[in-house]
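Engineer: First the structure, which I've put down as structure tokens, then a few questions once you've had a look.
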């Protein structure tokens, strides 16, 4: 990077910090009766919950999903997930992970970077605070870096609870939806939060983030595509009617959809959801202390880690028996996932070859639609974390339809390529590793990593300093 570029970056960083410092002069959230985003502010009234929440920091390891499955680099060619995709860690690391991922780039001022403000939406209770203070448009408008100094606390208390209520102050949970767009989504499926049962509310607060969503309008605001329902077919029809695409695929030129993490939607269709076994039953069980005190364990994690408090509350099988059942289902889903990936990856490269051979937009349109639908269905299944446990039958069925759609695309491509004089199989480059797949796409990973490291060293410390100054006035 040139000296000139570094100097310009330093000036931009200064401007970004000054913008953040100007925000510090605002009256504190507590004084205005707004959301307090600090998780430790609630330790005194909820000590057990807070201490167990802190234990989500124990999931230290970062698992590189692209290194584990390089096919995904090709499937997301031209989109941020081809740069970097790690498996989720504990809530404690939500801010660290979104700051560090290559997907958010290395912005040097409030107006640069590849992502919108919406990418903070599931990462911090500061989001609820900023929406409270500025309104939804005031939160969503602009680039991700615009309010970086405002988003300072990882996922915690004020994301799921009405921390301003008297009930919460007196030790009760008082669950709440803290994002207005989530309230609208539940109204769209005729399940307004205030009319939901206790069990439904326990699932709905998790659904604020563990769902499919997209960015819409000039501010790139978050919206759930539930207007026609929450099933894979219904959301596909919604997106098609809207003419929406997250991006255009770099190889096939297909108008693609990127499923986020529709865990709530797949859970609803599975055996647990249909029997009202909700998220907290398995991931945040009630536990008893030595003194007899019962509280909800906020160390969100694997149910097998607390088997007696989770699975054993309903199941009569032993831990080993249930683990074997889950392991078998996971292997079945993985096998179908890889089968779908092989077909969709091939379809992308074959579509790319068809374009190079002179195919027209009219000839390609139905093929690209098949590819779009195939990958949407694959992504819907694999992005639903824990789907092999929540709804394995749903995952297998949806992945089966992904294979079918990909086969439809490839059948049409064989015929089209033949009309262009191409009768030999289309060659697929070396994509055996993450690095090889990224190289095949011409991605400059060295540059991206350098930009990210510069951002982490020059911008993030100033964000943290500005946030600490603001919170010192609470």
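In case you wondered, yes, glycine gets a Cβ from its N, Cα and C as well.
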Engineer: The heme c 3 site in Swiss-Prot includes 206, 209, 210. Which of 91, 249, 315 is also listed there?
Structural biologist: 91
Engineer: Among 261, 272, 348, which is the one Swiss-Prot gives for the heme c 5 site where 311, 314, 315 also bind?
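Structural biologist: Answer, per Swiss-Prot (heme c 5 site with 311, 314, 315), from 261, 272, 348: 272.
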Engineer: Suppose a student reads Swiss-Prot and sees 279, 282, 283 listed for heme c 4. Which of 373, 388, 390 should they find annotated at that same site?
Structural biologist: 390
Engineer: In whole Å, how far does the CA atom of residue 122 (heme binding site) lie from that of residue 160 (heme c 2 binding site)?
Structural biologist: 11
Engineer: Nearest to residue 279 (heme c 4 binding site) by Cα, among 119, 258, 260, 311, 315 (binding-site residues)?
Structural biologist: 311
Engineer: Tell me the coarse DSSP state (helix, strand, coil) of residue 160 (heme c 2 binding site).
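Structural biologist: Where residue 160 (heme c 2 binding site) sits, the three-state DSSP reduction gives helix.
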Engineer: Near residue 209 (heme c 3 binding site), which of the binding-site residues 123, 258, 261, 272, 315 can be found within 10 Å, Cα to Cα?
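Structural biologist: Checking Cα-Cα distances against residue 209 (heme c 3 binding site), the binding-site residues within 10 Å turn out to be 123, 261.
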Engineer: Find, for the listed binding-site residues 272, 315, the residue with the lowest Cβ contact count at a 10 Å cut-off, counting only other Cβ atoms.
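Structural biologist: Each of the binding-site residues 272, 315 was scored; lowest Cβ tally within 10 Å is 315.
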Engineer: Considering only the binding-site residues 160, 206, 212, which residue has the minimal Cα-Cα separation from residue 314 (heme c 5 binding site)?
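Structural biologist: Comparing Cα positions, the candidate nearest residue 314 (heme c 5 binding site) turns out to be 206.
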Engineer: Nearest to residue 315 (heme c 5 binding site) by Cα distance: which of the binding-site residues 160, 261, 390 is it?
Structural biologist: 390
